[in-house]
Amino acid sequence: MTKDYYEILDIHKNASDAEIKKAYRKLALKYHPDRNPDDKEAEEKFREVSEAYQVLSDPQKRAQYDQYGRVFDEGFGGGGGGFNNDDFASTIFEEFFGDAFGDFFGGGTGRRAQKRPRRGSNIEMKIDVEFKEAAFGVKKTVDIPKVVNCHRCNGKGAEPGGVTTCSRCNGTGQFVRRQGLFQISTPCPECNGTGEFIKEKCKECHGEGFLRKNKKLEVKIPPGIESGMTLRVSGEGNDGSNGGPAGDLFVHINVKEHEYFKRDGRDIVLELPVSFVDASLGTTVDVPTLDGSETVKIKPGSQPGDNIVLKGKGIADVQGYGIGNMRIVLKVILPTKLNKKQRTLLEEFKENSDEETYKSHNSLWNKMKSFFAS
């Protein structure tokens, strides 16, 4: 069942960014695991609140959620957003409140500095998809520039044995001072809170702990995808640090326009030019569809804008709720020039026309004359 993120945060659907942040702040503090030890229900609530905030605080993800009721994963499998990682909720919390809340929830000052696992940042990119590819689905190979942990130093930035403990904080990463009755802990100014110094930088990453590399990845585009939709590929973002999980890849889809076809939801619309003679007398024509050519019968007396519907010749719903139709809209073409014989034939046609020929048009004309007369 799709989660209602607005209900989870107890806000209305038109809530402002400030209201979303205020709601998250209140609920995240209420359900934080450190305030509710061994409380599985509070832990699940904390994850749900973090998931809701992650989606609703991002304008693009919020717009997609408002329109489709979800943020899409690659292949559109499963429900909701799919954020079931414990590190995910903690990372969202830390990014919102900052590291200061580690001490607020009971972090000691005599411990050796602990480098918390941090989730890698997300990567966003846009790809173009042909109209037919969007209709039937396709696999696209994309080239992703991403940040990966250095294999030589495992992200530490130092050569083996090239790290020493900070002498000022004794490896705790914290600098403690007393102010009256209070003991205040701040990051150590010597080691910037890491508790360590790098004596010899890694020769591969030059002390950064990570490398920038390109990765080729095959992304599955599901049938029925539309422009403006976003695919989420879990774990294909930038690498995390200190053992944290990788971020995600968000692929924004742009479907190219087709030369003949237009899209209206699940339906395909084709504007078909026909001569006024064929529209009057009726005929059969071959029209293009996504599956190939289809023979269509145009009834005698067809009018401009008339629709011919081909059932099941549209586009599959992206979430599997059936297939649309193809609508052929007739565009009757009138001649701009007539030769002598054509003019003679039309004049003869006019002379032999009676009220029945233009019955509907005459009825409308009489109504208009009555309106102006009154």
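Here the Cβ of each residue, glycine as well, is placed from N, Cα and C on the backbone.
Automated prediction, rather than curation, is the source of TrEMBL annotations.
Since this is a predicted model, take the numbers as computed values, not measurements.
According to TrEMBL, the domain 'J' annotation covers 4-69. What TrEMBL lists as domain 'CR-type' is 137-214. Among the features that TrEMBL reports, zinc finger is placed at 137-214. The repeat 'CXXCXGXG motif' feature in TrEMBL is assigned to 150-157, 166-173, 188-195, 202-209. The Zn(2+) 1 binding site annotation in TrEMBL covers Cys150, Cys153, Cys202, Cys205. Under the heading Zn(2+) 2 binding site, TrEMBL lists Cys166, Cys169, Cys188, Cys191.
Between the CA atoms of Cys153 (Zn(2+) 1 binding site) and Cys188 (Zn(2+) 2 binding site) there is a gap of 24 Å, rounded to the nearest whole number.
Secondary structure at Cys202 (Zn(2+) 1 binding site), as computed by DSSP, is coil. Listed as Cβ neighbours of the repeat 'CXXCXGXG motif' (202-209) (distance under 8 Å, sequence separation of 6 or more from its ends, same chain) are residues 149-153, 155-159, 162, 241. Cβ neighbour count for Cys153 (Zn(2+) 1 binding site) (all protein chains, 10 Å cutoff from its Cβ): 23.
If you compare Cα positions, Cys205 (Zn(2+) 1 binding site) sits closest to Cys166 out of the binding-site residues Cys166, Cys169, Cys188. Computed over the repeat 'CXXCXGXG motif' (202-209), the whole-number mean pLDDT of the model equals 90. Of all Cβ atoms in the shown protein chains, 19 besides its own fall within 10 Å of the Cβ of Cys166 (Zn(2+) 2 binding site). Separating the Cα atoms of Cys150 (Zn(2+) 1 binding site) and Cys169 (Zn(2+) 2 binding site) is a whole-number distance of 27 Å.
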